[in-house]
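Input: a single structure, listed below in structure tokens.
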Amino acid sequence: MRNDMKATLYYLMLDYRFSFIVFWSIMCATLVGFVLIGSIIPDVTIYIWIAVITLIFSSISGFHMTRETFSFCVKMGLTRNQYLLGAGLFTLVLALAMSVMHLLIQSVYSYLVQLIGLDGLTLYSIFNIVNISETWYNELAIVALLNFIFVSVGFLFGTIFYRFGLIGGLSSVAVLLFLVMVPAFRDLMADLLIASEGGRSSVQLLPLTLAALVAFLPNWALLRRASTFTARTR
């Protein structure tokens, strides 16, 4: 069991290593480009929020996970439960890696911007939307949890597309968009995840952690009897 988990985790890390490196290389190149623009055009105003961009990458990575890795891992001898456990561990590792890289690059970039004196570059962080102690471990934990949620949600939708094809996948996306547009649903999610007291708001880590788990668990029901062929090829 342990060897199977190590093999699964190693395979997934190798499979995503290239895209991870490319993403952060493009991110660094883009940030350098912003510095050059800010130096050449003093009056320019650029707003940068690295955390949001990492969430987009995480959701795309999760979406492609089932289609790219499930069939191969099962054919190589893993049970579906072992695959899901390995995918869950990898999701956690990827979320932590994204959070660590985000914190490192954001800290270095913020220092360089202040050192050069580029007032037109505004760097946003999680502390701009929630009033919590501005410590590195708070930011690391929250960004990691958010990335875990987005990888899990992407993984869930990728699994739905894998099992039920284009019609089932688009139907699930339509349902999600409908829920997001319902004010009562948005208010409920805000009340569950954000606590307000005395004019200050703070993210509730326990509900956020539960939301991350809830986003991942439906994959077990969808994949435990899934074929090794996608819906469009069956």
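Every residue gets a Cβ built from N, Cα and C, even glycine.
Heads up, TrEMBL stuff is auto-annotated, nobody curated it.
As recorded in TrEMBL, the features of this protein are as follows:
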{"type": "TRANSMEM", "residues": "21-40", "note": "transmembrane segment"}
{"type": "TRANSMEM", "residues": "46-63", "note": "transmembrane segment"}
{"type": "TRANSMEM", "residues": "83-105", "note": "transmembrane segment"}
{"type": "TRANSMEM", "residues": "142-161", "note": "transmembrane segment"}
{"type": "TRANSMEM", "residues": "167-185", "note": "transmembrane segment"}
{"type": "TRANSMEM", "residues": "205-223", "note": "transmembrane segment"}
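Distant neighbours of the transmembrane segment (83-105): 4-5, 8-9, 12-13, 16, 20, 24, 27-28, 31, 50-51, 54, 57-58, 61-62, 65, 69-70, 73-74, 136, 139-141, 143-145, 147-148, 151-152, 155, 216, 219-220, 223-224; these residues of the same chain sit at least 6 beyond its ends, with a Cβ under 8 Å from one of its Cβ atoms. For the transmembrane segment (46-63), same-chain residues at least 6 beyond its ends with a Cβ under 8 Å from one of its own Cβ atoms are 16, 19, 23, 27, 31, 34, 37-38, 91, 94-95, 98-99, 101-102, 105-106, 109, 120-126, 143, 146-147, 150-158, 161.
With pairs at least 6 apart in sequence, the transmembrane segment (21-40) and the transmembrane segment (205-223) have fewer than 3 Cβ pairs within the 8 Å limit; the two do not touch.
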